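**Q** Pasting the relevant annotations from TrEMBL:
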type	residues	note
BINDING	Glu62, Glu87, Asp119, Asp141	S-adenosyl-L-methionine binding site
BINDING	Lys145, Asp177, Thr216, Arg217, Tyr218, Glu219	substrate binding site
Amino acid sequence: MTAHKSGDPTTLNRLYGRAKGKPLRAGQQALVDNLLPQIAVPLEGPVTSALLFGDDRPMHFEIGFGGGEHMAGRADMLPSHGFIGAEPFINGVAQALTHVAGDNGASPPLANVRIHHGDALEVLARIPDASLSFLYLLHPDPWPKARHAKRRMMNDGPVDMFAAKLKPGGEFRFGTDHDIYLRHALMVMQRHTDQFEWLCDKPQDFQVRPGGWPETRYETKARTVYGHEVWYFRYRRK
Ligand SMILES: C[S@@+](CC[C@H](N)C(=O)[O-])C[C@H]1O[C@@H](n2cnc3c(N)ncnc32)[C@H](O)[C@@H]1O
């Protein structure tokens with residue numbers, strides 16, 4: 001592990017936005033009450049493929065899945081892989097559950113998704129080292145003020161943990177539409193070149209959405225409503 005200054009990476013920072021938004025619709029509340037307990041990540045103990053999925057299938061982990069569109073899209077693409085997502089925003093969890101249940105009509109029910117309603121780093125810490133095939137961090141909360149930079153998910157402590165949890169050859173995907181975050185993230189990743197190889201030969205590699213990277217509602221809005229550019233990064237664990 002690279003030695004860097006960092007805070008305790010497993011402490012959930014103060015939330016950037018709201019933890020709860022509009023009241024859940026009855027159907028969403030029913031999914032939270034009935035489906036979530038069936039597919040929730042256990043609250044303690046190791047988090048392994050065998051425990052969650054009953055076999056040693058490749059594991060994917062998504063930090064802060066928002067409404068869950070990317071996680072559900074990937075899980076639909078790779079039905080024999082296992083997906084774990086963590087999100088503290090209950091409305092996001094409820095939306096993700098509609099994808100898992102197939103209630104939105106966009107995808108069939110998904111048997112290969114497990115959800116944690118809460119801090120991603122708390123769950124990640126319980127995943128044995130060198131277990132993950134893919135790790136996703138898409139449009140993390142920006143915390144744009146310099147004095148809040150330590151609250152950004154992309155920091156040395158969490159990145160060391162990402163490196164530890166990925167298998168050699170595993171992939172870390174990061175996306176952002178926030179230029180301050182972009183600069184910060186590139187600086188952080190530059191300090192982790194002993195752990196990660198940036199899969200990039202030409203500017204298009206980070207300017208154009210790579211295949212197998214479903215767009216979320218958040219990102220569609222960033223592009224189409226706010227006119228933001230979006231940057232995509234793929235790093236291979238060495
Ligand atoms: C800007 S949104 C992006 C959502 C989604 N990744 C997307 O691209 O559509 C950032 C998300 O990160 C979540 N988040 C913030 N801190 C988190 C943490 N410690 N663990 C898990 N998710 C977190 C927020 O609740 C929010 O849903």
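Placed from the backbone N, Cα and C atoms, the Cβ positions cover glycine too.
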**Q** So which binding-site residues out of Glu62, Glu87, Asp119, Lys145, Asp177 are up against ligand 1, CB under 6 A?
**A** Glu87, Asp119
**Q** Within 10 Å of the Cβ of Asp119 (S-adenosyl-L-methionine binding site), how many other Cβ atoms can you find? Include all protein chains, please.
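**A** Summing over all protein chains shown, Asp119 (S-adenosyl-L-methionine binding site) has 19 other Cβ atoms within 10 Å.
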**Q** For each of Lys145, Arg217, count the other CB atoms within 10 A of its CB; which of these binding-site residues has the top count?
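**A** When each Cβ's neighbours within 10 Å are tallied, Arg217 leads.
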**Q** List, in sequence order, the residues of the same chain other than Glu62, Glu87, Asp119, Asp141 whose Cβ lies within 8 Å of the centroid of the Cβ atoms of the recorded S-adenosyl-L-methionine site.
**A** Ile63, Gly64, Phe65, Gly66, Gly85, Ala86, Pro88, Phe89, Ala120, Pro140, Met153
**Q** Around Glu87 (S-adenosyl-L-methionine binding site), how many other CB atoms lie within 10 A of its CB?
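**A** Around Glu87 (S-adenosyl-L-methionine binding site), other Cβ atoms within 10 Å: 25.
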**Q** Measure between the Cα atoms of every pair in Lys145, Asp177, Thr216, Arg217, Tyr218, Glu219, the residues the record assigns to substrate, and report the largest value in Å, rounded to a whole number.
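**A** Spelled out: the longest distance between any two Cα atoms in Lys145, Asp177, Thr216, Arg217, Tyr218, Glu219 is 25 Å.
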**Q** So what sits near Glu219 (substrate binding site) in its own chain, CB-to-CB under 8 Å and at least six residues off in sequence?
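**A** Sequence-distant Cβ neighbours: Leu138, His139, Gly175, Asp177, Val230.
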**Q** Counting only other Cβ atoms and using a 10 Å cut-off, which of the binding-site residues Glu62, Asp141, Asp177 scores lowest?
**A** Asp141
**Q** Measuring CB to CB from Tyr218 (substrate binding site), give everything in the same chain under 8 Å that is also at least six residues away in sequence.
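**A** Sequence-distant Cβ neighbours: Gly66, Gly67, His139.
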**Q** According to DSSP, folded down to helix, strand and coil, what is Glu62 (S-adenosyl-L-methionine binding site)?
**A** strand
**Q** Rounded to a whole number, how many Å is the Cα of Lys145 (substrate binding site) away from the Cα of Asp119 (S-adenosyl-L-methionine binding site)?
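**A** Rounded to a whole number, the Cα-Cα distance is 22 Å.
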**Q** Just the number: how many Å between the Cα atoms of Glu62 (S-adenosyl-L-methionine binding site) and Thr216 (substrate binding site)?
**A** 13
